[in-house]
Amino acid sequence: MWRQSTILAALLVALLCAGSAESKGNRPPRITKQPAPGELLFKVAQQNKESDNPFIIECEADGQPEPEYSWIKNGKKFDWQAYDNRMLRQPGRGTLVITIPKDEDRGHYQCFASNEFGTATSNSVYVRKAELNAFKDEAAKTLEAVEGEPFMLKCAAPDGFPSPTVNWMIQESIDGSIKSINNSRMTLDPEGNLWFSNVTREDASSDFYYACSATSVFRSEYKIGNKVLLDVKQMGVSASQNKHPPVRQYVSRRQSLALRGKRMELFCIYGGTPLPQTVWSKDGQRIQWSDRITQGHYGKSLVIRQTNFDDAGTYTCDVSNGVGNAQSFSIILNVNSVPYFTKEPEIATAAEDEEVVFECRAAGVPEPKISWIHNGKPIEQSTPNPRRTVTDNTIRIINLVKGDTGNYGCNATNSLGYVYKDVYLNVQAEPPTISEAPAAVSTVDGRNVTIKCRVNGSPKPLVKWLRASNWLTGGRYNVQANGDLEIQDVTFSDAGKYTCYAQNKFGEIQADGSLVVKEHTRITQEPQNYEVAAGQSATFRCNEAHDDTLEIEIDWWKDGQSIDFEAQPRFVKTNDNSLTIAKTMELDSGEYTCVARTRLDEATARANLIVQDVPNAPKLTGITCQADKAEIHWEQQGDNRSPILHYTIQFNTSFTPASWDAAYEKVPNTDSSFVVQMSPWANYTFRVIAFNKIGASPPSAHSDSCTTQPDVPFKNPDNVVGQGTEPNNLVISWTPMPEIEHNAPNFHYYVSWKRDIPAAAWENNNIFDWRQNNIVIADQPTFVKYLIKVVAINDRGESNVAAEEVVGYSGEDRPLDAPTNFTMRQITSSTSGYMAWTPVSEESVRGHFKGYKIQTWTENEGEEGLREIHVKGDTHNALVTQFKPDSKNYARILAYNGRFNGPPSAVIDFDTPEGVPSPVQGLDAYPLGSSAFMLHWKKPLYPNGKLTGYKIYYEEVKESYVGERREYDPHITDPRVTRMKMAGLKPNSKYRISITATTKMGEGSEHYIEKTTLKDAVNVAPATPSFSWEQLPSDNGLAKFRINWLPSTEGHPGTHFFTMHRIKGETQWIRENEEKNSDYQEVGGLDPETAYEFRVVSVDGHFNTESATQEIDTNTVEGPIMVANETVANAGWFIGMMLALAFIIILFIIICIIRRNRGGKYDVHDRELANGRRDYPEEGGFHEYSQPLDNKSAGRQSVSSANKPGVESDTDSMAEYGDGDTGQFTEDGSFIGQYVPGKLQPPVSPQPLNNSAAAHQAAPTAGGSGAAGSAAAAGASGGASSAGGAAASNGGAAAGAVATYV
């Protein structure tokens, strides 16, 4: 028993499963393809003239089981199989194919698709035959119109369906060719009539017809008829007098109707002369034109595309042409509509015992009526259902059962048409199933992402999403109707596991998915808009940032299309993903997009490129030739993205066929015609060139030729001049007139001249070579006045303007006299003085008296360096300002004319006082720490006296102003000093530092620089310094040294320093005071014959850094000994030099006596003549053996100067000062160079002073080797120490130098 029960239960379960399997997917039919509501046209082939044109009536549906199809025609069942083979149905579809259309196929068709669950209904379509009849066969008519008046051509168009499109055209009477009419005076109304706003003589049709055409777009055919010949009756008055006020020709109905969504055109056609202008307004407001509302027929109609209810209103056209009263006409436009859904019914799937509502709402004008269809029949005819409630807009069914499954249709109808939709109700019982489970989804932050979860079931399952035991509802989470989860504005915290949960009353199911969130891609450097001239390169840069785990690809697009870099080699994507376009052209203009793309997202940035090129060549449209002018007409052909600025009209003539000249430049860019004057007796052609900011366009094609008639010349030669080239001639010159100015054949010049004295007769000469530009008249007196004129003559006569008489002169000769009594009246400054002279007579000048030239030079410059000052000829004194200060100046004066200088006066000389110096030659400032500079400069190029020192000023430079100017103290009173430390400045501040050199006359011009101090090195100690040392003369038996601070060349140098020393072996250091104003320190009071240890310490703020220790022995001679200043008279070097000189002279005398006693002769002067004169330098050589000079006192003047230190010495200022090492303190900046960034030099070890080395080495070259050898011998025996040797050498060199000036 139990076994039988088990088997029965198993069978029941199997049957239930089978039933469920069978029901799964069953549904009523649904129409998927159907005819559009309205009409469907077909074409019937005419007898043997054309082939058949099959057409189809579509009907397709889906459903389970597959639906079966049936048709009704004109409300009755339609058996398409009864039509032989002319009709067939597509397999598996309901679509009818009519292969051979016939007239009886016309009618209303409707398709039904049925299965066991319901019947779906398609739209009803009216199938109608398209046809076009022919025009009546009539001969061409001749009609007469009056010039200037409105006129109409009426078209009797043939019948057809749909109504044919009517047009008027022009048909040539000879070959029958057809041209369309596109004319602002001719307008076609909707009824096919052609309206002339006014008739002109050109409208007369002597060799053509006006013809009316009717076109059927569906049939692709047109027909022509109503041919008209138009005769225009001329009024015999000018066009400016033939005027007519506006007159109404055709207007739309005052009450016009438009359909929503359709095109509507309102007409307002008026005639009149001149052509009337039309202004449209709506409800009193002028219409703003747009893409949807435009003007048609040159403003005579208003076109509305896709009309809507807001377009209803009163439209008014106001018409005027300046003649008579303005006219107006108003049209009231109403907008109706075929029905359209505002709420469509939707397919419903539900379970038993549930409730379903179908809702259908529609609008339209007139208001539509809604009716319901059930399984292909009006719902009133369907089986009654007490659970079903039907109203105008809804169907409600409660307590659903399986038998409620079926199709429901909503039909909204008014007098203009209908709208229909068929849906179904499917009653099922299925537990939830997941057809597409959630997957592992990746996205980037900031975007929206959707995790799919597609479920099936009946009733429709409720889908919810779960994450970490929390239901996801609201906020950024949105569960869509199909079950998918949308997360908006994803963040990194959204990454993780997500669960999709589906449930209905028959069961539940769930599935898991996951979300990975990565960093979004972004553009960090966007390309910038670029404007470039054609031919240049353009570069767009694009940088991005993206998630490191994703691969990135950079692409470039132009105008929405990817750039093919292989096909376009001018486009290059570089390694940094920039886009470079080489040799740009106008067509490269457009929008360029940088696309940074990963597999998850992309970022874009756009920039526009405008490539501007020269304009296209203008197009000449015509030329009008008149007697003496031509009017050129042209059209511009594009500005290539840079507006046209102006035009240039060029011409050439038969005289210069290979060249083009400008007839007029800068023709305004708004002009398209221009009138150009022409010369007589020439053939002209013209062309036009357009200009924009890029340049000139190619020229237009040249115009036809314009020819002008001969005439007299319109001018005489220009630039007539009479001026002699020799003292005894007169040259008359002029500018030749080009052939374009000849104006007729046999052109020549008629040259006339005469003396400008009473009763003088004109002399004449004809010049027949038009290229000749002068005539020479010989044998004339020197510099006399003439009257001259040159006349242009041709076959037609003399020029029509009188020739101007020009004054000329024969040739000039050299002035005879020099100014006398040339004196310096008063010296007013170091560079200026008043000079006076006795003038020369004008007769002695023998030419145009231009004035005087004062020539001045100095003793050092010589006459080769003279300067000239020009003075007017009507004065006899002048203030001259070009003298050299503190110098012997020379001057002379002469008169001059247009060609020659006269003889000069006697030369005078005078001494000028000292002046102020020129600026120093250079100034540099090198930072020392954060609050000091080391300044270095070079002496002025022109001291203009004896330098007395320098003054230094400084001022702080702010962003918008300069601070107070201050003099740095102490100022420098020794002219030999060319460097100084400037301390006490602010860190990281900009200063303007100025320096002036001084003489006893005051300060010279300043030289300034601007430099910034270093930033304050907070918590940074100076780098390790070093130092050098020099031994100074002892003080009361105690040793003394000078310690030179050498700051670090590698790091922070420090701002100042101090010195430390101790006796070697002791532990206590003795510290000197901090030295803040100099870079050296003198340390005295040291025990003799003692070894000391020295250090220097660099200081900056609270930080000190010590140098390495150096040992110095107070009895050493390794360091240079610096000698205090002493006078020449008691200087040891001077005494030694005098002794050495005396020894050399005695030795030389002995040698000469010995040679003479031997009979030998040593004529130095003759030997020098044989070898040629040599130019020896002033500082070397034995000039007493040279050829005697005229100025015998020159050498003696230098003897006294040898006792004074020279200002412009070859040694540097510190060496002259006597307290520095020439090896380390030269003016070329070898010491200061240590502070130049990047060019810092290592410390230089002390070297002995050797100021006489150059002179000592030069002595053999300047004089005899014997003298030099003696000097060397004296130096060698002067002492055992190197210091003594140096002194002896100094003496020898000094002796040689003195010998130069003896």
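All residue numbers here begin at 1 and follow the chain in the order shown.
Even glycines carry a Cβ here, placed using N, Cα and C.
Of the listed residues (Asn821, Asn1250), Swiss-Prot tags Asn821 with N-linked glycosylation site; the rest carry no such note in the record, though that does not show they lack it.
The record in Swiss-Prot pairs Cys59 in a disulfide bond with Cys111, which is drawn from Cys111, Cys155. Asn182 is the residue among Asn182, Asn1191 that Swiss-Prot labels N-linked glycosylation site. The N-linked glycosylation site entry in Swiss-Prot, when matched to the candidates Asn411, Asn456, corresponds to Asn411. Partner cysteine of Cys212, as given in Swiss-Prot, is Cys155 (from among Cys155, Cys317, disulfide bond).
As a summary of secondary structure, the domain 'Fibronectin type-III 2' (716-813) carries 3 helix, 45 strand, 50 coil according to DSSP.
Annotated pair Cys410 (disulfide bond) and Cys111 (disulfide bond), C-alpha to C-alpha distance, rounded: 16 Å.
Taking each Cβ in turn and tallying the other Cβ atoms within 10 Å, the top scorer among the disulfide-bonded residues Cys111, Cys155, Cys360, Cys410, Cys706 is Cys111. Here the domain 'Ig-like C2-type 1' (29-133) is broken down by DSSP into helix, strand and coil counts: 6 helix, 56 strand, 43 coil.
Look at Cys317 (disulfide bond): DSSP puts it in a strand. Distance between Cα atoms for Cys59 (disulfide bond) and Cys317 (disulfide bond): 48 Å, as a whole number. Fewest Cβ neighbours within 10 Å among the glycosylation sites Asn182, Asn411, Asn652, Asn683: this applies to Asn182.
Within the group of disulfide-bonded residues (Cys212, Cys268, Cys317), the Cβ with the highest number of other Cβ atoms inside 10 Å belongs to Cys268. For the domain 'Ig-like C2-type 1' (29-133), the model's average pLDDT works out to 90. The glycosylation sites listed here are Asn198, Asn821; among them, Asn198 has the most other Cβ atoms within 10 Å of its own Cβ.
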